[in-house]
Amino acid sequence: MFSILNKLGIIWLALANISNCDNSKSGHKSIPKYNVKYYHANIPKDFANRFVELNDKIVENGSFEILGIDGQPSKNQYLCFTPNPNTAVNVSIESAQRNTRSKEIENEPKSEAEIIQRGVEMIEKSFSRKDCVFAYGSNGGYWTLGYCYGDKVVQFHENLQHFVATGKHKPEYPDYIYVLGRFKGSSKKPTNLDNQSPWASNNLDLSEFTIHESSIISDATAKNEQSRFLQHTLYDGEICDLTRKPRSIDIIYKCDPNHRGRIEILDQQEIKTCVYQMVIGVPKLCSLDEFRPNKVEDQIIDIDCKLIDQTNKVKADKLSYQDFFYYTDDIPSDNKIFPIPHSYKVSLNNYNLSPCGHGFYLGQSKLPINSPSVYFNFRHILVFNDQYHSSSDLLEKLGKMLKVCVGNKILSPHIENKRQSLLSWNDTFILWFELYDFYGSFISLVKVSRDGSKEELELKLRLINPETMLDQDGDLVKVPEFDAPNNAWNFQKFSKGKGSALDSTNNDKNNKATAENDKQYQSTSTDIVTVTVTESLETTSSEDGTEEVSNEMVILKKLADKLGMTDINELHQAIEDLDIELEVQHDEL
């Protein structure tokens, strides 16, 4: 079998790229899909070679192959066993839900108009004409989106400091709230962030809705899902500077199986100039069989790949192919400097991945982990699906991602009303993540520190080698002792509000014994990369003492919006490089 592994291109998470067709509809047998599992098993090199020599004798069972998973033969090599798909055990996706739903639909046939009516009724019951639903951090944190039922859809630049302090949304520039589309009969009052709907009821016009179906791959588990959604197009938005036509937006209402009991804006994109699409998860739609994802049964074949220990010189005696399966993970171990070694590799299809922006995903294990390391059993990981050219480049990308996720995506260890609260800029914390690429290969440890007592929205970031505990500058970092409040094992320290958890160890009498050891790190640790995530504009003081945005920065803001640039400073630098002088006239405003 040269080999299914090579045919897959060694892109293990790309199960989504392996056929996502619903073959059951055409009457054909489902195409096998491959679920690659990694084990840090340390098989001796000679044993690995002997397993490969067994291939001619085990054709009915499958085949072994030695592969440099990352495309670098000299780097980490794995011994992989690919079962013969004709004799492999059929590990199928449970399809009882699909069969039950299919029978219900067969017994109760419904027209498209009936399905639309039922779906729209759920939408009408879900929304309030008094409130708006917001999503902070769209387009890399540049826009905040607002969906106001019965009124409008808007995007605006968030006043981040106000949001952090109050939890309420406020535009940085009140005159620049862009309306992407309006409901029919909506208010023509000057636009603000309130729901200004004049409607007397929640009733929608059924003729404005269309129903669609889409095939998607759920997570990385090779589940084909046929999903229905309702589309509603809103017109009459702000005039677009480029097309000179009103903006419009397609609203996609769907059942999100991973919903958290509340309506959420799941996605928004500009599909062409000044024409947008917004996807909204409506939990009540999940109560209708017609809108729940239709899971299709597939044949899943596991491919086991186990790390080869190139330094182990033990010679193999007599082997059978079954011996391969007795080699399991021999790490993590608390006996190491850090529980995770630099050579570690994860099977990303074992993780639920939640997008964080800028190519980063937050990963949580789907199944319980039972290892000697309690840290390893409960921690979350970061996954990066992009390229970087240097450690400073990677740190910059991390900073941009965290700017969006702190206060919006990452949960803190604090429990409030039986629910975990979001990590806030007012919190003080030391947070650790293992960072992996989209092959599942380890990149670096990431240490994130925040002092919530500071007004500046700053984070201190370090990239650390877990085997040497040296950071990107070669400075030694102390091996952490995790407080892990409420079993949140990514948190070394945490203090809710504007405390100073970073210095809390000074008051811990149990740490007196380690005081001498701490000194060695003080002498070797120097500069730490600091990422400032505020993007303040130049201001001038008016006669009454209030601050106003300078005319120059307003012009830059307008230019950046028209050019589609997300960083005003980048535009400013480009102008300086071209030796162009900005002349601001009052009548230009």
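Any Cβ shown, glycine's included, is placed from N, Cα and C.
If you look up Swiss-Prot, you'll see 1-21 marked as signal peptide. Per Swiss-Prot, N-linked glycosylation site is recorded for ASN17, ASN61, ASN90, ASN426. Swiss-Prot lists CYS132-CYS148, CYS240-CYS274, CYS255-CYS286 with the feature disulfide bond. Among the features that Swiss-Prot reports, mannooligosaccharide derivative binding site is placed at TRP143, GLN155, ASP241, ARG247, GLU270, TYR276, with the record citing similarity to another entry. The region 'Disordered' annotation in Swiss-Prot covers 497-520. If you look up Swiss-Prot, you'll see 586-589 marked as motif 'Prevents secretion from ER', on the strength of sequence analysis.
Among the recorded positions ASN61, CYS132, CYS148, CYS255, ASN426, no residue is found with its Cα located within 10 Å of the Cα of ASP241 (mannooligosaccharide derivative binding site). Of all the Cβ atoms in the protein chains shown, 25 others lie within 10 Å of the Cβ of CYS148 (disulfide bond).
Taking the binding-site residues ASP241, GLU270 in turn and counting surrounding C-beta atoms within 10 angstroms, the largest count is reached at GLU270. Across the residues annotated as binding mannooligosaccharide derivative (TRP143, GLN155, ASP241, ARG247, GLU270, TYR276), the widest Cα-Cα separation comes to 18 Å.
Across the motif 'Prevents secretion from ER' (586-589), the model assigns an average pLDDT of 34. TYR276 (mannooligosaccharide derivative binding site) sits 12 Å from CYS240 (disulfide bond), taking the Cα positions as reference. Highest local Cβ density among the recorded positions ASN61, GLN155, ASN426 belongs to GLN155, counted as other Cβ atoms within 10 Å over all protein chains shown.
For the mannooligosaccharide derivative site, the Cβ centre of TRP143, GLN155, ASP241, ARG247, GLU270, TYR276 serves as reference, and the other residues of the chain with Cβ at most 8 Å from it are TYR178, LEU180, GLY237, CYS274. Across the fold, the C-alpha of ASN426 (N-linked glycosylation site) and the C-alpha of TRP143 (mannooligosaccharide derivative binding site) stand 22 Å from each other.
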